[in-house]
C-alpha cells in the first residue's frame, strides 16, 4: 500500500469516528444525559469555589423536579 | 467557553446564492414532487405504490421548508441572530440552557408526536387515501408547521411564556380564560379517546394485555435501576428496557397459546376500562421517578425506533395501496367509521400530523427556553412538525395497504357487524366492499387473535398494516403475529405514558385553579389536595371512557369528532394569538401567514360543530340522534338501530346530550376568542398599526451556532475560525 492510500484510509476512518462520536453526543443529549454536565458547568460559573452536588444527589433532585413541574407531552 | 466572547456580526443568514447546481437540485425536487402528485391524484381504478405518496410528501416538505418557512422566518418573523435568546440570557443550568439544535429537535419531536398521528389518518382512510394525504401534506406546510414555528418564536421572545399567558396578555382576560377552559377540556377528551383506543386494541386479546401489563414491572425496574444503581444512565437503562419489552412480547405469544394463562389475561372491555382508570389514578400520584420517567424514556426510545423502522420498511418494500383514492363515503357522509362528509370531517379527524393545537402548548413550554439561536425556530418548530406529518403519512399508508374489506370490518362499530365473521362480511359487502368470512378469519389467525371484528380506534388497523409491511421484510408470514403485537404494544405504551402525564398536567391545572378558592390546594405537595384533584381528573376522562366503551353507537364514532373539534379549537386560539402579535408588532401586511390558517380552521371547526349540533341527520347531529331515541323510548319501543335494549337506548340519550352540549361549548369558545381577538386587531390597526406587546428587550448575543440541521460551508468556516480563536485565547 502506498503512503497516500494509507493516509486516505486513515482520514476516512477519522471522519467516520468523528461522525459516530457526534451521533452519540446527540443521542445522549436527546435522552437528557447531559444534565449533570450542564449543572457542573453552570455551577462552576455561578458559584466558583463552592463544591458542587455529587452526581447521585444531583440526579435524584433532577428527576424529582418532575413531581412539582409537569412536563408537557402531546397526543 | 472563550469562543463565545466575540459578538455575532450577522442579523440573518444571507439567502444562499443561486448556483447552477442548486438550481438543478431544486428543479429536480420540484419535478419529482409534481410527478408523484400527478400519480397520486390522477390514477383511478388501478392500485398505486406507496412510494408515490412518500415522494409527493418528501418533495413537498423540502420545498415548503426551503422556501415558505424561510420566507416566514426571515421576512415575517425577522429572526435576529444577534439577539440573545432566553436560554443565553437567563441560562440557569436547568430549564433555561442553550441546547444543541439537533438535540432540541429530538426533544421537541419526541414531545409533540404521540399516538395522535397514528390514529387520525387511519380513521380518515375510510374516505380513500387522497383526502387524508392532501390535508396532511398541504395542511402541515401552510397551517400546522407554521403555527408551531410562529408560536415557538413569539414565546421565545417572551422568555418562554405559555400560550395561556400570551392569550391573556396579548388578547385579554377573556381569551386567557377561554384558553384555560379549552386546554382542560381537550385534555379530558383526549385522554378518554386515547384510553378507548387501548381498550379496543386489548379487549379479548391475552397476548396484547399481557405484554402491556408487563410494561409496568419493566418501568418500575428501570425506575429503581436509574435511581439506585446507575443514576443518569438513561440510554443504558432504556436499552435494557427495550430488551425486556421485546421479551414480554415474545412471552405474550406463549401466554396466548396456553389454555390457563390465556384465560388469566383475557379481559373484557369493561374490565380494561376499570383497570385503566385505576392505573391512571395510581400512576399520577406516584413519584415521577418510579413510573412516569422510565416509561417516558422507554416510549421515546420506541417512538424514534419504530418511526425509523417503518420509514425504512416502507421505502424498501414499497407496498401497494389497496384502498381507492376516494370512496363513496367522502361525498355521501355515510361512512361507518365516523359520520359526515369529507368537508369538514376529514379536517377535524386528522389533527395531529396536519394542524394540531396541542403542539402550541409544547412550542410555548419547554422548547423556547432551550433554543440557542433565533433562526433555529425554523428547524425546530417547522422541521419537527414536518417530521410528525411524515409519521401521519406512514400511518395512512399502513391503513391503505390492508384489504379494504378487512379495514372496514375492523373499524365499524360492533353493533353494525353482528357477532360472526359471516354477519360481518355481509355488513361489509353492504357497504360495497367485498370480503369473505374466510378472509376475516384467516386475518385473525395470522395475527393469532380470536377476531379482528370491530377493533375500532385505529391502533389495531395500524398494527395490522405495519405488521404486513414489517413481515414482508423481516420474518415473513411466521412473524406476522409478533409484529402485530409489537405495533399494538408500541402504540399502547405511548398512550399509557400520555394517560399518566396528561392526568398530571390536568391535576396541576386544577390545583392551580382551585387554589384561588382554597389556598392549601395550590401547595402541590399537600396530599389530600393531590388525591382529590387527581381523582377529579381521572373521573372526568374515566366517565367519557366508560360511556364511550359502552356506547351502542360506537365510542370512537361518537367521541373522535369531539376530540378533533377540541384540538382544532386550541389551534384557533394559538393562531389567533399569533395573528394578534403580528398585527400588534406592525406586521399587519404579513398577518395572512397565520390569518389564512386561522380562518380555515375556524370555518372547519364551526361547520363541524354546527353539523354536530343542528344536523337533522341522526347519523351526524347529536340532538337529532337524541330526539330519535327519546321519541322511540316515549313510544314504548325496546330497540332501535344498534341499541338492542331500553337501557342501551337510554344510554344513547344521555351520551348524545353530553356530547351535544360539549359541541356547543367548544363552538362558543371559538367564537368568543375570535371576537375578542378581532377587537384587539381593530384597536391596533386604528392606533396606526402597532401596539406595545410583552416582548423582552433586545440584548446582544455572544453565542454563535449554525441555523439549520447541516451547517452551510460558510457556517463551517465561521465555526472553524471561532474554535481556532477560542483555542488561541485560552
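Using the three backbone atoms N, Cα and C, a Cβ is placed for every residue, glycine included.
Among the residue ranges B:77-101, B:177-201, the one that TrEMBL annotates as transmembrane segment is B:177-201. Looking at B:510-528, B:529-547, B:624-642, the range annotated in TrEMBL as transmembrane segment turns out to be B:529-547.
Segment annotation: TrEMBL labels transmembrane segment over residues B:590-610 (candidates B:590-610, B:695-715). Across B:21-42, B:341-362, B:529-547, stretch B:341-362 shows the highest tally of CB pairs under 8 A with the transmembrane segment (B:135-156). As a quick check, the transmembrane segment (B:590-610) and the transmembrane segment (B:529-547) miss the bar of 3 or more Cβ pairs under 8 A, pairs 6 or more apart, so the two do not touch. For the domain 'CstA N-terminal' (B:50-608), the model's average pLDDT works out to 94. In this chain, the transmembrane segment (B:341-362) lies apart from the transmembrane segment (B:529-547): fewer than three C-beta pairs between them fall below 8 angstroms, excluding pairs fewer than 6 positions apart. Residues 26, 29-30, 32-37, 39-40, 129, 133, 136-138, 140-142, 145, 314-315, 318-321, 378, 382-383, 386, 389-390, 393, 396-397, 400-401 of the same chain, all 6+ positions outside the transmembrane segment (B:48-68), place their C-beta atoms under 8 angstroms from a C-beta of that stretch.
Among residues of the same chain six or more beyond the transmembrane segment (B:238-257), those with a C-beta under 8 A of the stretch's C-beta atoms are 205-208, 210-211, 214-215, 218-219, 221-222, 225, 264-265, 294, 297-298, 300-302, 305, 448, 481-482, 485-486, 489, 493.
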